[in-house]
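Only one structure is covered here, and it is reproduced in the block below.
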Amino acid sequence: MKSKNFKLSPSGRLAASLAIIFVSLNAYGNGIVPDAGHQGPDVSAVNGGTQVINIVTPNNEGISHNQYQDFNVGKPGAVFNNALEAGQSQLAGHLNANSNLNGQAASLILNEVVSRNPSFLLGQQEVFGIAAEYVLSNPNGITCDGCGFINTSRSSLVVGNPLFENGQLKGYSTLNNTNLLSLGKNGLNTTGLLDLIAPRIDSRGKITAAEISAFTGQNTFSQHFDILSSQKPVSALDSYFFGSMQSGRIRIINTAEGSGVKLAGKFTADNDLSVKADNIQTDSQVRYDSYDKDGSENYQNYRGGITVNNSGSSQTLTKTELKGKNITLVASSHNQIKASDLMGDDITLQGADLTIDGKQLQQKETDIDNRWFYSWKYDVTKEKEQIQQIGSQIDAKNNATLTATKGDVTLDAAKINAGNNLAINANKDIHINGLVEKESRSENGNKRNHTSRLESGSWSNSHQTETLKASELTAGKDLGLDAQGSITAQGAKLHANENVLVNAKDNINLNVQKTNNDKTVTDNHVMWGGIGGGQNKNNNNQQQVSHATQLTADGQLLLAADNNVNITGSQVKGNQGAFVKTTQGDVVIDNALSETISKIDERTGTAFNITKSSHKNETNKQTSTGSELISDAQLTVVSGNDVNVIGSLIKSADKLGIHSLGDINVKSAQQVTKIDDEKTSLAITGHAKEVEDKQYSAGFHITHTTNKNTSTETEQANSTISGANVDLQANKDVTFAGSDLKTTAGNASITGDNVAFVSTENKKQTDNTDTTISGGFSYTGGVDKVGSKADFQYDKQHTQTEVTKNRGSQTEVAGDLTITANKDLLHEGASHHVEGRYQESGENIQHLAVNDSETSKTDSLNVGIDVGVNLDYSGVTKPVKKAIEDGVNTTKPGNNTDLTKKVTARDAIANLANLSNLETPNVGVEVGIKGGGSQQSQTDSQAVSTSINAGKIDIDSNNKLHDQGTHYQSTQEGISLTANTHTSEATLDKHQTTFHETKGGGQIGVSTKTGSDITVAIKGEGQTTDNALMETKAKGSQFTSNGDISINVGENAHYEGAQFDAQKGKTVINAGGDLTLAQATDTHSESQSNVNGSANLKVGTTPESKDYGGGFNAGTTHHSKEQTTAKVGTITGSQGIELNAGHNLTLQGTHLSSEQDIALNATNKVDLQSASSEHTEKGNNLSGGVQAGFGKKMTDDASSVNGLGSAQFAIGKQDEKSVSREGGTINNSGNLTINGNSVHLQGAQVNSKDTQLTSQSGDIEITSAQSTDYKNNWGTDIGFNGKKTNNTPKEVTEEKPATSIHNIGGKLLVNVEDQQKTSHQNATLETGTLTINSNKDLTLSGANVTADSVTGNVGGSLNIASQKESDRHVTVGVNVGYNHTNDPKSSQVNKTAKAGGSLLEKTIKDTIDSGIKSSTDAISDKYNSLSSTIADKTGISDETKAKIDQGFGKVGNGIKNIVTGAEGHTANADIKVTHVDNDAVTKTTSLTSNNDLSLNVNGSTKLTGAEIVSQQGQVDLGGSSVKLENIEGHHYEAGADLDLKSSVVDLAKQLVGGDISFKSPVKTNETVNTKASISEK
């Protein structure tokens, strides 16, 4: 048969409830109804309704088994008569003895309900007489609400059946039963033991007993309620204990599989409190309250209204409390402690899963205030909400044990405190978290026509704040966490007064828990409907907060995991020591990042709500919170794989050991800030003012600007490893990246395959764009002209920048630092400060530099357009104004007029009628455009070298040692470097700029006066410029030692600009191959180029004339410069210098200085080279232009045609180069030894006590350092101009002839500079005893050697020669001009005569003619005298002199004709020529000895312009043949300088005044010979 489920309507549910109530009342009314059988007791009632039951006769075991059809106890109660004699009952008064007992009182009164009716117990039940155990057995269910038991040693309520066997009570059964034992709010009270036995229990009230045992489920029990067996129910049989219990002992057991026990209330046990079930949940009760209140002023009508309301809701919580001496909650499945408090001596919580968490409470409040009146409105709604977390708290005076037998232990906002030990164990994971509390406030409103500004709009403000209610675990002694899976703590606080042990089979995660704060402000409104402007705002701020986990132990701390240990943004500390270990995973000490995001979106409107300004910004900022692993004693970290420390601290007050089977990485953490910002503004300006006399201007200008800026900034948060002593050991690599290593008392050691100290970058990148768009209009008016002008301008500038600052790794070691790399060792911008010994070793060692840099790039663009229209009528208004003013002036006092006369209107009109110079008004239009763009960039970089500062430095490389500007400094002892090869490069600081610009513009103008004439003018120009600059500054490595400097290299050693300074010791460098000390080089290069051009065109036409003109100009220039400057190395050693090379020893311009001996040794060649610097400059230019014009004019009397033109062309070239060489220096107070197969000293400056030069198989050469200069520059500038005018009268007559007048001219400029120069810096050697042993030749070329005595052997020849210095220099400058005209007005006489006016013109002309005759006579006399002098000095022949006289005669006549007639030919010349040719010895090579000079020369001796001198002794060359050769040279300098004035009249003045003189063009010409000689005393 199928069953059907029916759903009741609300009315049906109400009817069913009433029926149940009536049935219950009826049952109460039946009371206790005995069964009709022989087990039915006698039941009677006494006054007040109390029922008295005379129990049946007990059996041999003292059990009185009573059976009932109904068993219900009302409030008057019931009395079970177990008395053998009469007495007084507490409930029923006087009672007689129970006759059924037969003299034997019952020890157990068993009341069994044999019907199907449940029992309702509302009152007390008393055992009258002898106390006995009480059992009520009703399988149909029992309800107790205010029931209790009197004079019972044990009271048991059993929803089940008694089990009898052979008439004997064996126990009880709740099998196959699902009925309920219900305890109401009025509870249950007894002084004895209490048993509650049922498949299900629902308790809502207070239960008080000596001991309480509650067993649920489907079970069989013994007579004394021991569980014998259980069966799995078909459905869950959950029990609820929502009241309270108070007892000496409380036991709650639910055996039903899949069922649970739920506890809510207060449970107090003097001794044990235990709960056992499949599922256990302790929960607290939440009370809900709400309110809703309207304002007293509320109203609504057609004119307005007020709505005020205050409403809210709240939740309050009554926490569940479990108190007992020993508290045990054991669940087969899930065990949940929710918002409850447990207090006891020892507390044990167990479940397959164990959860201890909290409960959330919500509080809400809303205030509404809405008001309106006609068109005015103002509405505000305020809301407040609070989310509160109520966590669980466990307090154990002794120990607390939390166990998950199958799954996880989860703690959320739990506070657990154990007076002794706290142990948490999980078969899987342990999770320790906090719960987030929130508080939010908001205000939302809108308004219309509010205040005098008539504001209309809406606004909204909200603010949300989150706080963390963290889990807290505290142990008075030890704290232990053990998980077969992972252990994760977030934002938790864990502390033990003694030791902490955290052990996980998988991972240990100590992390942060994050909360968020949020604030939003919006405001959108307008004034006067937008006419008065407006404002928009939408701003938001979001802030993330990281809450660290804190794990601390006053004793020792142990973290152990098979896989990973992850500590993120948290603090771990063991006061008496700490140990962190992974078997196969990583140890990660990491930082946590918190993020703050702020957004701004604002706008302000001006009239008509046009946007006046706006601002948008979004800022995203990260903040790093580093982890801390600290011990006040020893700290050890052991990893089965890698150790990663990121932006965090590991610190030990004692020894710190980090051991890894993989890598050890100590890195900085990055925190990034990103900003995106945009601003706009609109400005409107106007003006109205007088700009000239009676001229006025008015106009406006609008400017809109936009600024967009984005930036990204990356900052590094370094890690630090610190301990009294530090030991880092990795089976693989060790890397420090932008982080620190410190020891406070002792040594530090680092060991790995590869070891690296590298830098990280702090970087900021910006991108900025400024855009301006502007335009305007202006109007000008007044008595002279009217006009208008419109303009538009667009400007944009885009700038990008990047700034990079390196954060190098650093060490600060109080003792010794030992770094051992099985393979390679790398330093990049690292800094080491070691009080003791710095020792490092590896296969390859690199000490490299990094570069801080700043770069910027700017692009700009601008475009402008102007349009103007003007009407100029000043040609009319100004004469009119003057005529009126002249008439007025005639009546003023002081004028020769009749003062009584007044100016009348007729007089003024008469003056105006006489005006004849009025001009036609001019109308014109002008349009101009201009624009341009540029690109500019700049890059600067500064090298940051690795530095090592220690008491003593030992470097040992099995292969390569590589330095880049490294700084070595030993403060106590010496520096020792050992490698197979050693390369030391100089670092470079760089500065670089580039600039490119293109700009141009054009203008067109059109004007007319009559409408039949028109003038058009067009012009344009453009230019492109390119500039570039590049500079580098070199910095070599520095070796500074308080003791010795010892460098031993198996093969080649190369040092670039290096500085060696052994302040109290000796500098020794040994190389098995080449040893090179090369110069470093600074560089400078720049270039500039320019291309420009312009053009113009003008056309004018009238009915009478035509005018045309135009032209163009163009040019280009380019200039470049390259320069290198030598930066040489230095070597000092107070106790001496020793350089030994297994092959070549090369020193390039190096400076050596010592107070003791210096030894330079090479198996092959010792080469002291000079340092070299160069300068190169090149350029060229090319330009030219042409202008031409043509005009024609017709009048009534004549016609004229004119034309003009000009042209100019320039070209030039610059080519210069100089090479400067400078030798090195050797200064020592001890002896100097130079020993090699061959020896070469170039330009060296040597000063020593005694010197020994030895070549084992080659030559010894001491030579000068040669420098050169080269110039090849030239330029030419050519110009031409001409003009011609033809004038033809309408009727050509002798008085009015046709004329043709011209004026032509030109110029030529030429500049030439050519130079080739060679100079020498002689090598110098000053010493006491000089010993020279050369296996082959000895050569001194450009050298000066001075010694007290000279001895030695020369296996070959002795060659001593001086060096010539040469300078060939030619400079030519020519400036020539020429002009010719046939214009009579250009006559010098006519010009002067006409200056006196027509009356004096003839007199002045006659006087000038007479003066000219006297002047020419004087010139002739002067010439005759001068020519005779020149002829005498130069030896000119008579024939030649005659020709010159004839020429000067023609010149004289020409001068006269030019002065008295048309100006004709004019010319000027300025010519300068300089020629220098020097080729001679300026510094003689010499070998000088104060005493004897004794050289055993096997070959010949040759002196070329050189000297051998023995000042106090003899010269002995061992019988060598001597050849002396002189060097011939010369010094030559010549020049010519001619300056002729630009006109013949000026030339005549020169001749008359004697200003022209002729000198010999040769200034110097001499022969300079340098003789070779040998001199002795």
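From the backbone N, Cα and C atoms, a Cβ is placed for every residue, glycine too.
Among the features that Swiss-Prot reports, signal peptide is placed at 1-29, with the record citing experimental evidence.
Swiss-Prot lists 437-467 (among others) with the feature region 'Disordered'. Under DSSP, the residues of the region 'Disordered' (437-467) split into helix, strand and coil as follows: 0 helix, 27 strand, 4 coil.
Annotation comment: Swiss-Prot describes 437-446 as compositional bias 'Basic and acidic residues'.
Look at Swiss-Prot and you will find 454-467 (among others) tagged as compositional bias 'Polar residues'.
Annotation source Swiss-Prot lists region 'Disordered' at 1081-1103 (among others). If you look at the region 'Disordered' (1081-1103), the same-chain residues 6 or more away from its ends with a CB under 8 A from one of its CBs are 1010, 1012-1034, 1109-1127.
Summarising the annotation, Swiss-Prot assigns compositional bias 'Polar residues' to 1081-1095 (among others).
Sequence annotations record features per position, and here Swiss-Prot assigns region 'Disordered' to 1169-1188 (among others). If one looks beyond the region 'Disordered' (1169-1188) by at least 6 residues along the same chain, the residues whose Cβ comes under 8 Å of a Cβ in the stretch are 1079, 1109-1126, 1128, 1146-1149, 1203-1224, 1240, 1242-1244, 1265, 1275, 1321.
Remark: secondary structure over the compositional bias 'Polar residues' (1169-1184) totals 0 helix, 15 strand, 1 coil, with classes taken from DSSP. What Swiss-Prot records for 1169-1184 (among others) is compositional bias 'Polar residues'.
Look at Swiss-Prot and you will find 1213-1232 (among others) tagged as region 'Disordered'.
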For the region 'Disordered' (1213-1232), the distant same-chain contacts (Cβ-Cβ under 8 Å, at least six residues beyond its ends) come to 1119, 1126, 1128, 1136-1137, 1147-1160, 1168-1180, 1241-1252, 1265-1275, 1321, 1323, 1327
Sequence-distant contacts of the compositional bias 'Polar residues' (454-467), meaning Cβ under 8 Å and at least 6 residues beyond its ends, amount to 436-448, 515-529, 532, 534, 545
